[in-house]
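Visitor: Handing you a structure now.
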Amino acid sequence: MKKQDIIFGIHAVEALLKHSPERIIELWLLQGREDERLTPLIRQAKAFGTSIQVTSRKVLDEKAESTQHQGIVARVKAAKILAEHDLDELLAKTDLPFLLILDGVTDPHNLGACLRNADAAGVQGIIVPKDNSVGLTAVVSKVACGAAETVPLFQVTNLARTMRHLQEKGVWIVGTAGEADCELYQADLKGPLAIAMGAEGKGLRRLSRECCDTLVSIPMSGSVSSLNVSVATGICLFEAVRQRRS
């Protein structure tokens with residue numbers, strides 16, 4: 001198990017300072033960079049007694065393993081990994097669960113975008129399989145723009161078993177499939193809900209599909225056969241939001 005991680009990008013570090021400042025071990029800043037957005041972050045980091053180093057772009061690129069760090073990189077204590085047994089605590093806190101299941105999403109940009117969508121829609125937790133899925137990497141946190149610190153991510157060893165457990169707890173699981181007869185806008189998404197999305201191209205795996213209470217499709221009018229998983233996720237989540245508010 002990793003004890004430390006790297007986080008980079010203004011929004012990612014800002015969210016960490018707001019929600020879990022105790023996790024930040026050290027902060028590296030780009031020498032000579034003048035950006036008003038960095039000033040309050042530096043002030044907060046100093047208030048928490050965080051070690052701050054000013055360094056070159058080459059060093060930041062190496063530490064972030066990316067050039068998209070916006071002049072700020074943090075070495076942090078690894079986030080707590082939530083598992084299947086932690087779901088019961090989450091479910092006990094709400095009468096109307098709203099969850100997202102991502103089956104086989106291995107691209108960090110897609111997971112980051114899904115986290116951002118989930119945060120905006122008010123999703124209470126995202127469930128991913130421990131294998132065949134990307135974890136909370138630095139790129140995921142950067143793309144998520146802070147949502148990696150606000151939306152709990154549950155990594156489970158057996159996704160089908162977890163889905164059945166959710167059903168036993170009264171959660172209705174709606175999966176997506178391009179060939180499904182029921183369209184998204186015809187489905188009832190008002191109650192305790194988990195929306196299950198598959199990887200782009202492959203879709204939900206067979207066992208995951210079999211564990212869904214119903215399958216829905218997103219109506220498509222053009223010539224393309226599928227959408228990016230983060231786009232499809234946003235469409236499904238906000239249709240649920242619309243219904244739950246009406």
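Placed from the backbone N, Cα and C atoms, the Cβ positions cover glycine too.
Heads up, here are the entries from Swiss-Prot:
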- Gly198, Ile218, Leu227: S-adenosyl-L-methionine binding site (BINDING)
Visitor: Can you list the residues of the same chain, besides Gly198, Ile218, Leu227, whose Cβ falls within 8 Å of the S-adenosyl-L-methionine site's Cβ centroid?
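Guide: Near the S-adenosyl-L-methionine site, the remaining chain residues are Thr176, Gly178, Met197, Glu200, Gly203, Ser226, Val229, Val231, Ala232, Thr233, Ile235, Cys236.
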Visitor: Looking only at DSSP and grouping its letters into three states, which state does Gly198 (S-adenosyl-L-methionine binding site) belong to?
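Guide: In the DSSP reduction, Gly198 (S-adenosyl-L-methionine binding site) maps to strand.
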Visitor: With an 8 Å cut-off on Cβ-Cβ distance and a minimum sequence separation of at least 6, pull the same-chain contacts of Gly198 (S-adenosyl-L-methionine binding site), or say none.
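Guide: Counting only residues 6 or more apart in sequence, the Cβ neighbours of Gly198 (S-adenosyl-L-methionine binding site) under 8 Å are Asp103, Gly104, Gly175, Thr176, Ala177, Leu204, Arg205, Ser208, Val229.
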Visitor: Including all protein chains shown, what's the count of other C-beta atoms within 10 A of the C-beta of Ile218 (S-adenosyl-L-methionine binding site)?
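Guide: Around Ile218 (S-adenosyl-L-methionine binding site), other Cβ atoms within 10 Å: 18.
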